[in-house]
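Scroll down for the structure; my scribbles are underneath it.
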Amino acid sequence: MAVNSFSLYIFYYLLYSVFSCFVCGESLNFTSKSYTNGMSKEEKMTLREEARDMFYHAYNAYMDNAYPADELMPLSCKGRWRSIHTSRGDIDDTLGNFSLTLIDTLDTLAILGDLSEFEHAVKLISDTVSFDSDIVVSVFETNIRVLGGLLSGHVLAEYFKLNSDVMQWYTGQLLELAKDIGFRLLPAFNTTTGIPHGRINLRHGLKPKGLAWSVDTCTACAGTMILEMAALSRLSGLPVFEAKAHRAMDGLWAARNRDSDLMGTVLNVDSGDWIRRDSGVGAGIDSYYEYCLKAYVLLGQDKYLSRFDKHYSAVMKYISRGPLLLDVHMHKPQMPSRNFMDALLAFWPGLQVLKGDIKPAVEIHEMLYQVMQRHNFIPEAFTADFQVHWGQHPLRPEFLESTYFLYKSTGDPHYLDVGKRVLRALQTHARVPCGYAAVRDVRTGAHEDRMDSFVLAETFKYLYLLFSEEEDLPLNMDQFIFTTEAHLLPLSLTLYNYTHYHLDNFEHDFDSDEELSRQCPSTLGLFPATVREPMKNLVSEKKCSQLGSRPGDNTKPRKLTLHDFQACLSLTSDGADIVLVLLPHCVQLYALLISLVFSLLTLIVVLGLYYNRYRIQFRGQGARP
């Protein structure tokens with residue numbers, strides 16, 4: 001009997017060991033085990049090539065019919081010039097008669113591997129673009145689209161010059177243009193608070209009548225400068241740009257509501273007083289939060305991570321209502337300020353991936369997918385029960401951006417299906433003979449004579465990346481951070497000061513995460529369909545009345561459970577080194593699993609020993625006369 005008990009113990013111990021190896025071992029592959037019925041590699045390749053063809057349909061239409069104008073008007077099939085066509089109001093502040101779409105598209109050409117067209121585009125920009133114009137432009141849009149496009153183009157031009165046969169003639173022409181536009185934007189920062197004006201005249205700065213008194217700007221407009229300005233300083237050796245952007249971020253941080261840690265939407269650049277105090281994560285605020293986190297990733301300054309964490313906690317406490325994100329008053333955060341959401345908040349799940357808060361990212365993305373399925377596209381504004389509030393859709397990239405990053409972080413082929421759905425919607429409802437046209441109203445499908453530069457810079461870029469394998473790309477995307485306009489800045493910028501930056505190689509010898517990945521699988525495939533499933537029935541007669549209510553436990557931290565996986569962002573610094581690693585909290589989870597299994601097996605062994613003991617006693621008593 002003792003031998004049998006010992007054998008039973010050994011059996012359970014071996015079972016425990018095998019289970020432990022299965023859970024924590026190197027051989028565990030969530031991607032292959034969890035998603036056996038995912039999209040085939042052949043279908044992914046087909047969709048990738050279709051995305052490429054979509055890009056060139058739009059790009060060639062622009063180059064053949066609009067260049068050197070800023071944008072293509074796809075219905076009239078001609079270029080849109082500033083001050084020539086009928087003004088559309090503030091939206092035209094994006095334009096400056098500086099070949100905007102071509103500048104914005106440079107790194108998309110590089111990602112597609114079209115180095116010959118990339119080289120041709122760089123030559124065109126170097127030879128023809130001038131910023132010496134008596135035109136008032138948006139500081140924000142010019143920074144993210146023009147300065148960001150030039151910097152990314154310069155970085156890639158230098159890289160391809162050293163690692164391929166193209167760009168051998170290149171001597172920094174794009175960087176010179178970047179410095180030129182950077183200096184033209186600098187007068188906007190001459191304010192009491194350091195928060196920049198929203199508009200600037202490219203030739204005269206703030207001198208034209210009216211500009212000096214235009215003292216209102218949005219939070220995102222002022223707070224989305226630090227990545228591009230810091231990159232310009234570190235690439236050019238001129239610290240003034242980064243210094244101005246840091247001061248602007250400090251001014252915005254000082255203006256936050258100290259009780260709620262929320263930001264308003266519009267403020268006075270001289271006094272720092274809020275003009276619009278509604279707070280959300282969409283239009284007017286969105287990319288400020290994005291740049292708080294990405295400034296830490298790129299520059300390694302702890303203050304930005306601390307600020308982002310406080311803002312993020314406030315957003316999840318006051319603005320997040322289940323999968324909905326509804327604006328509140330920054331000074332009275334328990335009070336909603338409006339009953340609709342806007343399409344720009346679709347970037348938020350992608351930022352949550354970078355933060356490492358994957359579960360709510362999955363939920364919010366699924367909510368947005370339901371909106372998209374209902375209307376073919378996400379309308380510019382929609383209500384809590386997914387009705388159209390404002391039906392326009394200018395082919396925005398934010399939803400695809402979050403789809404791409406969620407696929408990268410989870411490996412769930414559901415996001416490939418989402419991308420396929422978006423691709424089909426673009427082909428069916430937006431494609432016209434001369435490019436892709438914005439949708440005037442998703443309810444009618446009517447088109448608008450508009451194709452913004454971000455369609456080529458972002459929308460098709462994320463669509464192509466979503467269906468691409470690593471070996472399909474000429475660059476290691478893990479070596480870059482995306483700006484809010486999806487331009488590429490190398491993470492290695494953090495390693496260098498203003499005078500010692502070299503672009504010979506992006507593959508710097510960071511601390512390897514190889515051992516961590518062996519102990520704990522990557523985030524690929526950690527979220528099964530059950531996380532998304534409850535989001536599919538958000539709008540029903542039973543639930544509509546509850547959509548605007550705040551869950552009782554919304555402010556409490558989520559507890560780690562067997563079905564509640566959460567990825568973490570490990571940002572560690574060693575001297576000047578910074579390591580960005582997306583890892584799940586699987587160490588905690590696996591420790592919990594192993595502890596539970598070990599406890600259960602111990603209990604079984606103990607019960608087995610007691611059972612054998614009493615059975616022996618019972619047999620002994622039964623054998624007595």
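From the backbone N, Cα and C atoms, a Cβ is placed for every residue, glycine too.
Automatic, uncurated: that is what TrEMBL annotation is.
The following features are taken from TrEMBL:
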type: ACT_SITE; residues: Glu141; note: active site, proton donor
type: ACT_SITE; residues: Asp286; note: active site
type: ACT_SITE; residues: Glu380; note: active site, proton donor
type: ACT_SITE; residues: Glu398; note: active site
type: BINDING; residues: Thr484; note: Ca(2+) binding site
type: TRANSMEM; residues: 6-25; note: transmembrane segment
type: TRANSMEM; residues: 589-611; note: transmembrane segment
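All features noted in TrEMBL, drawn onto the structure.
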residue	record	Cβ within 10 Å
Glu141	active site, proton donor	23
Asp286	active site	25
Glu380	active site, proton donor	21
Glu398	active site	24
Thr484	Ca(2+) binding site	25
Looking only at C-alpha atoms, tell me how far Glu380 (active site, proton donor) is from Glu398 (active site), rounded to the nearest Å. 12
Find the shortest Cα-Cα separation between Glu141 (active site, proton donor) and the recorded positions Asp286, Glu398, Thr484, and name the residue that gives it. Thr484
Rounded Cα-Cα span from Thr484 (Ca(2+) binding site) to Asp286 (active site), Å: 10
